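Visitor: Shown below is the structure under consideration.
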Amino acid sequence: MQTLILGHDPQGIAAAAELLAQGEPVAIPTETVYGLAGDARDAQAVARIYQAKGRPSFNPLIVHVPDLAAAERIAVFDDAARALAGAFWPGALTMVLPLRPGAGIASLVTAGLDTVAIRVPAHPLAQAVLRAFGGPLAAPSANPSGRISPTAAAHVADPESGLGGRIAAVLDGGACPVGVESTIIGWADGRPALLRPGGIAAQAVEAVLDRPLARPAAQAGAPTAPGQLSSHYAPRASLRLNAQAARPGEVLIGFGPVPAELSLSEAGDLTQAAARLFDLLHRADADGRPIAVAPVPEDGLGAAINDRLRRAAAPR
Ligand code: TXA
Ligand code: MG
């Protein structure tokens, strides 16, 4: 299969919506990372997403909708969920909520769970495709399972490290402005919990909820969202964390004052570092040398950056 690169113009958006209507997965830009979208109501389209990614089928997908009204037709919202939607949607927040019976979501999307992960993306092209298509889109990150997430159309289209040749098309929206996946919030026994750190700082969510988030991953050291397998986002080369300098043969990714040939942010800006993270990992990985990364502070978006780096460095 030849992977088409569609331009970010009305024809490109229409072509993406047309392929989606035919049950073909299409990679689309969101503000976080590129997603491999498919009709969330069509089990066969969803199966093609799993197949293209080579993803274990127990790992459920996030459903993307254009607005809160569409989300409420699929999931059951309480006051806390509505408050988070009001504060952060459209944007880099995913909520795991009770699935509304009869919502028409293919059971392969939720891996048979009675909850659904749902998000309203802010990216204008994601919004345009959702509206042109006219239905909910299931979309995991558009990378082969376990590999580095894509933040540019070229990452998706690469036949070696991406999905080139395995999907019909990618809609090119340039670089993703946030650069790390959405923050996932769930409720365990009515208590809000951080299931995955991401593009919205946990502290911002806590401020809206006016209560602390449970952090089950940190407490148990175990996967919480079913997809939180420890080796994830993995480059082919080895990755060493908290490096102050490159050892012989290594490529160093710096942050702040650590001098390096590649830098997440020379100014030490975490927003800039998140936006650059996956692109630099893709570049360092293409280079083939072992990778070392300078320390990144844990506050704000640093939690999501360090989570992705720890997974990339995990034994596999
Ligand atoms: O930013 C993002 O969230 C991107 C863009 C494309 O929207 N999507 C993304 O999807 O990162 P994915 O499939 O790579 O990660 C979805 C995570 C997985 O860890 C999965 O296990 C979890 O969400 N998840 C999905 N449904 C769930 C559910 N019902 N309960 C718990 N976790 C769930
Ligand atoms: Mg992913």
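Glycine is no exception: its Cβ is also placed from the backbone N, Cα and C atoms.
It should be emphasised that the depicted structure is a prediction, and the values quoted were computed from it without experimental measurement.
Got these off TrEMBL a minute ago, pasting:
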- 10-200: domain 'YrdC-like' (DOMAIN)
- Thr32, His64, Arg119, Ala139, Ser182: L-threonine binding site (BINDING)
- Arg55, Asn59, Thr115, Ser141, Ser149, Arg196, Tyr233: ATP binding site (BINDING)
Visitor: When the Cα-Cα distance from Ala139 (L-threonine binding site) is computed for each of the binding-site residues Asn59, Thr115, Arg196, which gives the smallest value?
Guide: Asn59
Visitor: Could you work out which of the binding-site residues (Thr32, Asn59) has its C-beta surrounded by the smallest number of other C-beta atoms within 10 A?
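Guide: Each of the binding-site residues Thr32, Asn59 was scored by Cβ atoms within 10 Å; lowest is Asn59.
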Visitor: For the L-threonine site as recorded (Thr32, His64, Arg119, Ala139, Ser182), determine the largest distance between any two Cα atoms, in Å, rounded to the nearest integer.
Guide: 13
Visitor: What number of additional C-beta atoms lies within 10 angstroms of the C-beta atom of Ser141 (ATP binding site)?
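Guide: Around Ser141 (ATP binding site), other Cβ atoms within 10 Å: 27.
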Visitor: To which of the binding-site residues Arg55, His64 does the lowest count of other Cβ atoms within 10 Å belong?
Guide: Arg55
Visitor: Where ligand 1 binds, which of the binding-site residues Arg55, Thr115, Ser149 are close by, with Cβ under 6 Å?
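Guide: Those binding-site residues that pass the cut-off, since their Cβ is under 6 Å from ligand 1, are Thr115.
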Visitor: Checking your reading of the structure: which of the binding-site residues Arg55, Asn59, Thr115, Ser149 lie inside a 10 Å Cα sphere centred on Ser182 (L-threonine binding site)?
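Guide: Those near Ser182 (L-threonine binding site) - Cα within 10 Å - do not exist; the answer is none.
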Visitor: With the Cβ under 6 Å from ligand 2 as the test, give me the qualifying entries from the binding-site residues Asn59, His64, Thr115, Ala139, Ser182, Arg196.
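Guide: The ones that qualify number zero, so the answer is none.
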Visitor: What's the CA to CA span in angstrom from Thr115 (ATP binding site) over to His64 (L-threonine binding site)?
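Guide: Distance (Cα to Cα, whole Å): 14 Å.
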Visitor: Taking just the CA atoms, what is the gap between Ser141 (ATP binding site) and Thr32 (L-threonine binding site) in Å?
Guide: 9
